[in-house]
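Feature list (source: TrEMBL):
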TRANSMEM  16-34  transmembrane segment
TRANSMEM  46-66  transmembrane segment
TRANSMEM  78-106  transmembrane segment
DOMAIN    82-362  domain 'ABC transmembrane type-1'
TRANSMEM  118-140  transmembrane segment
TRANSMEM  172-192  transmembrane segment
TRANSMEM  204-224  transmembrane segment
TRANSMEM  236-261  transmembrane segment
TRANSMEM  316-334  transmembrane segment
TRANSMEM  340-365  transmembrane segment
Amino acid sequence: MKIKSPFWYNQRFRNTAIQCLIILFVATLIYFLAYNLRQNLQARGIASGFSFLNQTSGFNIIMHLIDFSERSTYLRAFWVGLINTLMVSAFSIVLATVIGGGIGLISISRNKIWSKCAVAYVEVIRNIPLLLQLLFWYFVVLRSAPYPTEAISLANVVFITNRGLYLPSFEFTGMGAVFISLSLLFLLTIAFTRRFFSKNVVRLGISFFIGMGMIGVALLPLHIPYLGRFNFEGGIVLIPEFMALVIALSLYTAAYIATIVRMGILSISRGQTEAGLALGLSTWQILKHILLPQALKVILPSLCNQYLNLTKNSSLAAAVAYPDLVSVFAGTVLNQTGQAVEIIAITMAVYLVISLTISFFMMLYEKRLKWSIQ
């Protein structure tokens, strides 16, 4: 006859009990902290809640892609800061990927001069703090540009001043807008239905609709900046704060991406390169068809980490007064309202969501890459 042991000797029961106790302890700790926080706020007469978001801000923001004025609410200021953060992160990610990938490929070049220069770039940039690089580009380089009256002109179309980079702008109206919209629509259609057509048909369609979009751009009204009474008017302007942040983030992150790309390619057996040469493939063909598809499996996880670091490092924008989420919402709005708990919680949640979103899309791309290789 088999004797049953007491249930508390069961391993599954003990594991479940320990987990429940840990969850109970964490929940109790959170409740205690929240209760203590609420009591302290009430004792000091500090309001709590999120109703402050609907109050009038009373300040302006130098760079905003959506309408904003002193009469706008704090919630509107939050959206302005978030959009500015996403914009600077997106621009920096693209530039860092291009620069880092190029430097990574140069570092494994057979040309000793080019490879040594690439290695020197990586070693120098990685060992200088990002904040110092940001301050260098802002105060030493961009703020040293000439005044608007002495602006550096490039073909009388682009103007460089200490107040920003002035570029021509297009007005999205008329037949040009129709052509561009149709070309984008058809390109998206091709992207989702290309499996049903041959490669030649897909290439022909892409070429045709890209050409259609270029014709649309040529038909758009062009506004060229011109010098007004005190500053340039017309066109679009990239403020020095934005440019300094993009340059610093891109160059700094590119140094790490270059190392990742270099290590990813070197992780592939040299015998595969020799086999490609024996087949008569060029260096570019070997890189494109043999090395990169395999190296990407090694590169992508580390590349995702660099994208996350870049996005979080964009919070250094406050050092050069760029109106990002931290500077506007966790800075100006926090100082005016005193709602520290709510504002910091929202800011942390936003960065968490952005990081998880980047990780999610990189994971999808990695899975798609594995399926395509198989």
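Each residue, glycine too, has its Cβ placed from N, Cα and C.
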Maximum Cβ pairs under 8 Å to the transmembrane segment (236-261) - stretch from the list 16-34, 46-66, 78-106, 316-334, 340-365: 78-106
Outside the transmembrane segment (46-66), six or more residues from its ends: residues with CB under 8 Å to it: 38, 72-81, 83-84, 87, 239, 241-242, 322-323, 328, 332-333, 336-339, 341-342
Most Cβ pairs under 8 Å with the transmembrane segment (118-140), selected from 78-106, 172-192, 316-334, 340-365: 316-334
Best-contacting stretch, by C-beta pairs under 8 Å, relative to the transmembrane segment (316-334) and drawn from 16-34, 172-192, 204-224, 340-365: 340-365
